[in-house]
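Below is one structure; the comments refer to it alone.
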Amino acid sequence: MVERETWATRVGFLVAAIGSAVGLGNLWQFPFKTAANGGAAFVVFYLIAVTLIGFPALLAEFVVGRRTRRNVVGAFEDLGGPGWRVVGGVALFTGFWILSYYNVVGGWVLRYVLGSATGAYFDDPGAYLSAVASGPEAVAAQLLFLAMAVGIVAMGIENGIEKATKVMVPSIVVLMLALAAWALTLGGAADGLAYFLSPDVGSLVDNAWTVVPDAVGQAFFTLSLGMGIMVTYASYVGEDDSLPVDGGVIVVSNTLIGVLAGVVVFPILFAEGIDPATSGPTALFEAMAAAFASLPAGRLLGVVFFGVVALAALSSAISLLEVAVSYATDNTDASRPTLAVGAGVVLFLLGLPSALDTGEPGGFSAWFVWFDAIAYKLLLPLSVLLVVVFVGWVLGRDAVAELREGSPGSDGLATVWLWTLRLIVLGGIIVTLRLGIGSLFLAEDAAFFAPF
Ligand code: PFF
């Protein structure tokens, strides 16, 4: 077994974890899910879900990782015995599943950076999207994106992930702030912000049952939970770091960047008279592209916007790849680069259906939607549920002890955390999972059977 690396600095860990959390979930899915779920009402549910469910669950993953310093499968085995390996196995599988189609979108984003620079989509954003988002071009772009992630992970924790994210994450923050400042000067700023930030209480209440699972799923996705990432990243953290403080920094930064994404996207769409509610997943690409095509300095803005999205997607993808590579390095003698390439090949193959199948012309891939629905409605809540049951009810007081390491004086808080995990988080996930399974398998238009 190859010797384990650690983060060179605490900031290195924080930045890498923020890089993992901030990704397509914030910059792309969050705005379009907000739009699809009636605007600001969704934002309210999302913020509640992040605070009450996501944050405690994040700490649960941290505890498992730091206590064992093992890969995600080995960590659960160490703490609970061989039977609990399954929790790590589900997380590993969920991560692979999600990364397979995440790479595909990462590839589209790279194409949009290029398309902005050359103005390729300026005449017909719809046609550009159809060409980019399906078939051989999508496969080639997926491969390029994946190769970048493999390259970084192959270089290791300190020299690869830590160094890369230390450049990427500050760049994302600075460029997003610049874009937001500019978006706020547009004619659509007031309407865009109102749509995004003033909730309509009536629709909040009416839509609670459909919005809750989306909001909770989004909270898990955006905090990179249920995929073994935070277990793995915390396995490289020292005992004198305060996990609650680090977790708080990650949650707050991630949320602020999500909100910033809305502050950028909605004013642009409103300024261009594009209705966000009709814009759906790919249409957001189309809508943003259409906006850049008609805005002054659109090429530059397009390169910056899609460039930020690409950086964010890449710093997330490397975190997921690291989960698999860390599992493999803990269990074999093969070198890190070999294992990173091996994982890349499997991911490439698993992503092919999402890259190739476009569904309706110019629309969204039928397989893509299928992969995404299974991830959100089933795999993520199931995986987090297993972690929470394990940490809350099996580890119990040991988990509290680990949380307190490096955070003197946090005894009372740690106990509150344990009970929040045991009751609120568990309850929230069970409801989410039940609703998710309903819409995946039982509803009239059950998402699971859609492509068949
Ligand atoms: N937190 C990431 C995001 O919001 O995009 C979630 C994620 C997805 C991380 C896929 C890593 C990944 F490969």
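Cβ atoms here come from the backbone N, Cα and C positions, even for glycine.
Caution: TrEMBL annotation is automatic and unverified by curators.
What TrEMBL annotates here:
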TRANSMEM  7-28  transmembrane segment
TRANSMEM  40-64  transmembrane segment
TRANSMEM  84-104  transmembrane segment
TRANSMEM  138-157  transmembrane segment
TRANSMEM  169-196  transmembrane segment
TRANSMEM  216-236  transmembrane segment
TRANSMEM  248-270  transmembrane segment
TRANSMEM  300-325  transmembrane segment
TRANSMEM  337-356  transmembrane segment
TRANSMEM  376-395  transmembrane segment
TRANSMEM  416-443  transmembrane segment
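By number of Cβ pairs under 8 Å, the transmembrane segment (376-395) is matched best by 216-236 from the list 40-64, 169-196, 216-236, 248-270. Between the transmembrane segment (40-64) and the transmembrane segment (216-236) there are at least 3 Cβ pairs closer than 8 Å, counting only pairs 6 or more residues apart in sequence, which means the two stretches are in contact. The stretch from 7-28, 138-157, 216-236, 300-325, 416-443 that makes the most Cβ contacts under 8 Å with the transmembrane segment (169-196) is 300-325. Listed as Cβ neighbours of the transmembrane segment (84-104) (distance under 8 Å, sequence separation of 6 or more from its ends, same chain) are residues 23-24, 71-77, 138, 142, 145-146, 149, 221, 226-229, 231, 313, 316-317, 320-321, 323-324, 327, 346-348, 350-351, 354-355, 368, 371-372, 374-375, 379-380, 382-383, 386-387, 390, 394. The transmembrane segment (216-236) makes no contact with the transmembrane segment (337-356), as judged by fewer than three Cβ pairs under 8 Å among residues 6 or more apart in sequence. Scored by C-beta pairs under 8 angstroms, the transmembrane segment (7-28) has its highest count with 300-325, from the stretches 138-157, 248-270, 300-325, 337-356. Using a Cβ-Cβ cut-off under 8 Å and counting only residues 6 or more beyond its ends in the same chain, the transmembrane segment (300-325) has close neighbours at 16-17, 19-28, 71-72, 91-92, 95-96, 98-99, 102-103, 105-106, 109-110, 112-113, 115-117, 145-146, 148-150, 152-153, 157, 160-161, 164-165, 168-169, 171-172, 175-176, 178-179, 182, 224, 227-229, 231-233, 264, 288-289, 292, 336, 339-340, 343-344, 347.
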